[in-house]
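Working notes for the structure below.
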Amino acid sequence: LVLELNQMIVPTYGTVPDQQNPPTPEWADFDDKPDSLFFSDGQRRIDFVLVYEDESKKITRKRSDRKKQKKKRQVYESNLINNGLQLEATRSVLDEKLIFVKVHAPWEVLCTYAEVMHIKLPLQPNDLKTRDSAFNWFSRLFRVDENIIKPEQEFFTAPFQKEHLSNFFIQDKDTFFNPATRSRIVHFILSRVEYATKNNVKKFGINKLLDTGIYKAAFPLHDSSFRHLSTDPDCPSERYLLYREWAHPKNIFKLQPLDFIRKYYGEKIGIYFAWLGFYTNMLIVAAVVGVGCFLYGCLTKDNCTWSQEVCDPNIGGNIIMCPQCDKVCTYWNLTITCESSKKLCIFDSFGTLVFAVFMGIWVTLFLEFWKRRQAELEYEWDTVEYLEQEEQVRPEYEARCTHVVMNEITQQEEYVPYTACGKCIRMTFCTSAVFFWILLIIASVIGIIVYRLSVFLVFSAKLSQHINGTEAIRKYLTPQTATSVTASLISFIVIMVLNVIYEKVAILITDFELPRTQTDYENSLTTKMFLFQFVNYYSSCFYIAFFKGKFVGHPGNPVYWLGKYRNEECDPGGCLLELTTQLAIIVGGKAIWNNIQEVLLPWVKNLIGRYCTAARSEKVVPRWEQDYHLQPTGKLGLFYEYLEMVIQFGFVTLFVASFPLAPLLALINNMLEIRLDAWKLTTQFRRMVPQKAQDIGAWQPIMQGIAILAVVTNAMIIAFTSDMIPRLVYYWSFSVPPYGSHSSHTMKGYINSTLSVFNISDFKSASKPFAPWFGNRTTCRQVYRDLRYPPGHQHEYEHNIYYWHVIAAKLAFIIVMEHVIYFVKFIISYVIPDVSQKTKSKVKREKYLTQKLLHENDLKVVKKTMGKIANKIIKGVDSTF
């Protein structure tokens, strides 16, 4: 690539013109055609727009600074013209200080750079016969009307070569390069043209000029208004069609016009919406099964024996529980947890186990079928060999290439930005910075835990929990509930604050790494951001699921956190309901916050901008100025949309055993998300620079890692967080002799046999409650099911045989569930090929045609030429003889 750039671009690229009169943009007045996409001559199409503020009218900078900025801009524009681009400048209609520089790429420039960038272009129409799917009639009901958005014609394509121009399918030079490709080529040139040289270091690229404020904006144009068709009859008004048939809320149940999205916005945005739509469609199955399991829990909760015993005044009403904290907490009645036990029966049922196993298989089906769909899109959108052939080096990387090394493959010298030692130092520094921030998040999680431990004492003292209390509010507002909800809210706020800070840190670290290509840059940033978000979002859920209530000791010998705070205990039914509450608050709060941040803020900014210009609204405003007043797209593009969805994917899969409704909520959110993202792109933001993308990048292996981890987490949630295994062990082993007294397997007596007994006289003075003991009872029950021998036993307060049976059953369950699901996942991965046979046939056919049209034709020309030469030689020999 460097050699190609040197040979084809260097004669003009990076050279500051020494002419006395360097070329400058043409000047033209606005022709009062608001929807025009052409120069004032009506012939040359506008491929890009640059916006700057007239230096002579600036009042915020020193005069010398304004002169320097003007000089850099003039040099940059001269070099653009020297590179073959054509520029036309027009003053703003609404603000005289603004100048709009319109950029047009002629046919010769497009052909030259299409070859440099290895852009694939049509050879001939696809002649392979397609077989309609059996469900084609059904999917047609949800497709966009083909009379409104016509299906794109399929072509066999090949990397463009000027010398084989006649072999390509060119019907019209003006439409051979579509607007998205034209904009991408122009942006490639804009990113590599020099504007200054300082200390023998070249400064170049539109990004740096934007960062320094020399230009205020740079963007390709939308082709029309989203509210109405263009007044230009030759304009296809693709933006209007996208809004009407894709972004409008009425299309929420329709399939997306992916080929049309790709044509207008490029492959990178197209593959995001293809993935999001595929993920949403797959969620339909998961949501149906999840709702079924939830309804099963609702229907069977009245038959939940252990909950009935908790609520029974003759059973739960006679069970007095030990205090849950030192001194200030008092004894309480088990019936206080009646309402929470009923709710727990809904989520902690046999249906949850079935759903956890199903989701372990579902996530594998989703990833495998997505690979197939992605392979189809790679072929249809000409990105099969994109990374190997077409992706260009980042300008920031090229600018730092000062060290010479020997390429092991070509055995030629090439320039790199750092030595092997320098690269090692950079990687060490960046890795250390990432781990430092992850440790900072863990520290914040520990702070939340300390808050939970300390505030629980306050709630226990303030919220009355006397045994004979009858307040209705006590059914719902228990100290555990109050602590859980407030801690979840604080955790959510901390998560959002740390997100804002770490986002800037991650970008700085990745910039310092200096990745070679844009794909490398995005993958590196993706890995860092996801590691951070993983710890940030999931740490509190992991704590509740696997640590809370697991290391608490017993009332006479509690375990203390940091030597001061007594460890938290779960409700008698376990921490599953609290985990569900945590998930609901984080997932719901995150969805609301993201929608406010992504949709409401741009809408409010544009509304304020329109209000400020309302006084001048009677003037006719050109398309480029209308687009300028839209919101700019961020440098990271769709990174945050991907991050949002993958974090949601983690919640849907990692902790689904505690919340079967998570897929349903995700489905509803995603159906809205697709249309909100589409609405945002088509109405509130400037048109993004079209970019190529072969796949979803680093998000694919991240989701595969989540899928593997999800099997473990769900198995452990069922085993250690829920109460399913202890109930099964009791039902099959401890409800009947020799351990039980019932004649047949039953759940009766489960509560009484699993709550350990503690003698109140064994309280230590540091933890003995202030509240007096009512009645003549001498014992209380342990809150959590720790399964210990009663006082007076030779092994009092030690774990009993029931405990060890339960531990063995839990470990066995985890091993069996993991191995079964992993085995099924392996079979599914093996049976479903990553590339369908239909796609393989198309790829082979395209390679065959490429070889035939581009290479065999050359051989024929060579043979024909050599034949003529041979005939001349033979004739010459004959005449001489």
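Cβ coordinates are placed from backbone N, Cα and C, and glycine is handled just like the others.
Automatic prediction, not curation, is the source of TrEMBL annotations.
Annotated in TrEMBL:
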{"type": "DOMAIN", "residues": "38-258", "note": "domain 'Anoctamin dimerisation'"}
{"type": "DOMAIN", "residues": "261-846", "note": "domain 'Anoctamin transmembrane'"}
{"type": "TRANSMEM", "residues": "272-297", "note": "transmembrane segment"}
{"type": "TRANSMEM", "residues": "350-370", "note": "transmembrane segment"}
{"type": "TRANSMEM", "residues": "434-461", "note": "transmembrane segment"}
{"type": "TRANSMEM", "residues": "481-502", "note": "transmembrane segment"}
{"type": "TRANSMEM", "residues": "645-668", "note": "transmembrane segment"}
{"type": "TRANSMEM", "residues": "702-721", "note": "transmembrane segment"}
{"type": "TRANSMEM", "residues": "811-832", "note": "transmembrane segment"}
Segment proximity, the transmembrane segment (434-461) to the transmembrane segment (645-668), 3 or more C-beta pairs under 8 Å:
no
Any contact between the transmembrane segment (481-502) and the transmembrane segment (434-461), i.e. 3 or more CB pairs below 8 Å with pairs at least 6 residues apart?
yes
Go through the chain and flag residues at least 6 beyond the ends of the transmembrane segment (702-721) whose CB is under 8 A from any CB in it; none is fine as an answer.
352-353, 356, 359-360, 363-364, 367, 526-527, 530, 544-546, 550, 574-576, 579, 646, 649-650, 653-658, 810-811, 813-814, 817-818, 821-822, 825
By a Cβ-Cβ criterion of under 8 Å, what residues six or more beyond either terminus of the transmembrane segment (272-297) are in contact with it?
255-256, 258, 261, 345-352, 354-355, 358-359, 362, 365-366, 369-370, 373-374, 377, 638, 641-642, 645, 649, 652, 656, 660-664, 666-667, 670-671, 673-674, 677-678, 696
